[in-house]
């Protein structure tokens, strides 16, 4: 089925919203994956990668025994969650934005943020994996599941954000379909001209006054 004329990957405003179709959209589905991966990285790095030092009884980060790994993992993961949630909401409003210029700005912001956060997750993956390889072995009583999970899902987040950036680049390349612009302008100016014609055809002298005309007696 022909989706009709589109502007930056979205049709004309006023379409009926369907939750299932919305979630199945590639942009939204990949964004939800990024949100899930960010949540896992955030909780596993910022909360689950701390342990108690048996010598000093102080909490230490398990990544190379330095707190930076846990903190940076929490920051990148938390920002991924916020960014993914914002863009999921943006996808909902994107279909209802009549301005082609506003859609272009949204696509460019989406492309920039998705590319940047794919790069940041790449840096996070490199740093956490290197730090974990330089970390001394822990006793068997200490679970190392959270640090390794944070590393794996930082890797997955690289691809999810990279895929979002690719979809946004496709949208940008798609640009503005001339058929959409012609149809959109025709709808807008057609409604305007119809209103103007109706107002000009309606004369104040066409209104009929009820009752008989009575002459004034002087």
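Quick reminder: no glycine exception, Cβ is built from N, Cα and C everywhere.
Keep in mind that TrEMBL annotations are predicted by a computer and have not been checked by a curator.
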Pick from 2-22, 149-169: which stretch is listed in TrEMBL under transmembrane segment?
149-169
Given 28-51, 172-195, which one carries TrEMBL's transmembrane segment label?
28-51
Taken over the domain 'MARVEL' (22-173), the model's mean pLDDT:
91
